[in-house]
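Written out below as structure tokens is the structure these notes cover.
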Amino acid sequence: MITKQSSNESFDVIVVGGGHAGCEAALTSARLGLNTALFTLNLDRIAWQPCNPAVGGPAKSQLVHEVDALGGIIGKLADLTALQKRVLNASRGPAVRALRAQTDKRSYAHEMLKILQNTPNLKIREAMVTGLEIEHYPNQIDQKTPEIQERIGFIKGIKTYFGSVFHAKAVVLTTGTFLGGRIWIGNQSMSAGRAGEQASEGLTEELKKLGFTTDRLKTGTPARVDRRTIDLDSLDEQLSDASDKFFSFDPLSWKSGEQMSCHITRTTKETHQLIKNNLHLTPIYGGFIDSKGPRYCPSIEDKIVRFADKDSHQIFLEPEGRDTPEMYVQGFSTGLPENLQLELLRTLPGLQNCVMLRPAYAVEYDYIPATQLEATLETKRISGLYSAGQLNGTTGYEEAAAQGLVAGLNAARLVNNKEGIIFERESSYIGTMIDDLVTKDLKEPYRVLTSRSEYRLILRGDNADRRLTPLGYQLGLIDERRWNIFNAKQQLINQEKERLDKERIKESDKCAKEIFSSTGTPIKGSLTLANFLRRTNIHYKDLITYNLTTQSIPLDVEEAVEIDIKYSGYLERQKAQINQLKQQSKKLLPKNLNYNNIETLSKEAREKLTISQPKSLGHAAQVPGVSKADLTALLVWLKIEKMKKVKRKDSLQITN
């Protein structure tokens with residue numbers, strides 16, 4: 001509709017929602033010079049961590065590094081508020097290693113609010129957004145069929161619950177679990193986006209009127225228990241092992257407070273039996289809701305049903321902050337009634353006398369299947385309307401933050417009449433995630449995983465700055481100070497790699513005998529330091545041990561040099577694969593191609609490609625329902641057709 005009301009205020013970009021996606025979107029837009037407003041239901045819950053107060057983990061830490069490399073904030077705040085840091089998969093290859101930080105959730109939210117309040121061009125407003133102001137294109141007003149993907153109009157602003165109108169040239173929706181949010185404990189439920197906070201009303205209905213398809217998903221969070229009532233001395237202690245590692249590439253953010261321990265307990269036979277006896281009382285198994293939950297973060301009842309052969313599951317007790325006794329019981333989310341939850345907690349070793357401060361609950365909410373979005377995160381139906389975070393069907397603060405940055409960036413570029421930026425899946429986990437979201441028909445909350453990327457050896461966390469900071473600088477997301485820091489680091493890396501390629505160890509050197517004595521591997525003749533570093537059991541720290549370094553260099557430079565040299569062959573092969581893929585994606589497909597005649601394609605791919613008639617192999621890759629196997633089949637078909645043409649041409653020449 002075209003509003004007849006006067007606008008309370010006008011902005012270039014409005015962001016709806018103050019979670020991790022919304023904060024990144026608003027900050028990105030404002031830092032690009034756009035007059036930006038962030039609307040949130042509750043100013044006291046900005047960037048709240050309603051579930052696990054932690055940042056990072058496999059693939060998630062890579063996302064955080066990438067967001068930081070593009071000027072985002074999540075990595076800096078995770079470093080600033082970290083209670084504990086650990087490197088996961090430390091014994092495995094660099095492609096799957098991950099940094100994870102337990103954070104102080106209240107401090108994290110407080111620091112984010114301070115940043116938002118002190119960012120030029122950014123205003124914050126507390127209000128419930130219930131409607132969108134749209135100007136329809138001529139003859140498009142009644143076109144509300146979800147299957148029709150062409151644009152029907154463009155965004156003009158938003159409307160709040162109490163009737164205020166705010167105009168904007170672009171709007172980013174980052175509503176999290178608040179659209180139609182309903183929390184469940186057993187068979188009891190109430191309208192809420194999360195415990196203690198009201199759900200958002202009206203916006204889902206508005207989106208449906210505009211022709212968007214919406215659906216429902218669910219997630220859950222475990223109980224919080226009082227640290228003072230847990231026998232921590234009887235449990236295994238998990239210490240921090242990475243206080244010297246950071247998410248951010250900015251040295252000004254390299255701060256670590258006193259580290260806190262986590263503790264480990266396990267479920268028991270009593271735990272499992274109590275759950276089995278009461279499955280019918282949970283929202284899912286009792287049939288009260290049927291929304292899909294996150295596959296990779298299952299409830300404890302899901303674990304016991306799905307892994308019936310296991311008689312115990314590991315549970316982590318994690319602090320929520322320095323100034324609170326609350327402990328997060330990781331791996332123990334449940335939908336059981338509140339009166340059974342304390343009994344269940346007390347079956348865990350060390351928690352026999354625990355006090356439950358907050359019960360576990362499940363939350364069900366509306367989302368927009370992301371196939372209705374462009375790869376820029378702009379909606380296909382409404383120009384200037386963007387969507388990011390859990391509203392797109394993802395789960396996790398890291399996934400939300402990355403989408404928020406992309407949506408905020410592209411909303412700002414739209415206002416400035418610039419072309420949107422698409423992150424390719426081979427260039428970043430951000431690109432991998434968005435490509436998956438907008439091209440695949442996902443039916444459960446999406447979590448980024450290293451296994452989702454075909455190029456994970458290249459898309460590591462340690463080189464996110466090398467991959468993305470030049471782009472960030474070009475786009476105006478990285479300032480001169482950060483750019484100078486980046487260039488100085490690259491110079492150090494290159495200089496050290498050149499040195500290691502030139503300098504050699506000789507069999508007669510004193511250190512050669514020390515190396516043989518400690519490793520059992522002799523130095524024969526002479527060997528470049530680079531080739532020495534390529535040995536399986538040798539790391540950069542060994543160069544320091546054997547006095548084979550000329551200067552002290554930062555830890556991040558050491559790691560970059562070691563990975564570049566040790567995995568050079570693999571990296572070159574993967575780069576070649578990416579270049580080949582880029583060339584293949586440019587291959588044109590014939591007009592009006594009858595895909596039903598290509599028997600090697602899946603039935604779904606034939607149907608989807610027949611309708612969409614993509615111009616190239618790259619465009620075919622963007623069609624929902626077309627798999628990698630289908631693309632390979634198309635590539636083979638193109639090669640066969642090319643060979644047939646050559647044969648026909650040769651045959652004609654012989655005939656003539």
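Any Cβ shown, glycine's included, is placed from N, Cα and C.
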Task: Candidate sharing the FAD site with GLY17, GLY18, GLY19, HIS20, ALA21, GLY22, SER200, GLN390 (per Swiss-Prot), from VAL96, VAL129, VAL305 - done: VAL129
Open item on the list: Please give the FAD site's span as the largest CA-CA distance among GLY17, GLY18, GLY19, HIS20, ALA21, GLY22, VAL129, SER200, GLN390, to the nearest whole angstrom.
Closed with: 18
Task: Protein Cβ atoms within 10 Å of GLY19 (FAD binding site), excluding its own - done: 29
Task: Cα-nearest neighbour of SER299 (NAD(+) binding site) within the listed binding-site residues, GLY17, VAL129, GLN390 - done: GLN390
- [ ] Name the secondary structure element type, per DSSP in three states, that contains ARG295 (NAD(+) binding site).
- [x] coil
Task: Neighbouring C-beta atoms (10 Å sphere around the C-beta of ALA21 (FAD binding site)) - done: 35
- [ ] Among the binding-site residues GLY17, GLY19, ALA21, VAL129, GLN390, report those whose Cα falls within 10 Å of that of GLY293 (NAD(+) binding site); none is a fine answer.
- [x] none
- [ ] Please list residues from the chain of LYS303 (NAD(+) binding site) whose Cβ is under 8 angstroms from its Cβ, counting only those at least six apart in sequence.
- [x] LYS310, HIS313, GLY331
- [ ] To the nearest whole angstrom, state the Cα distance for the pair GLN390 (FAD binding site) and CYS297 (NAD(+) binding site).
- [x] 15
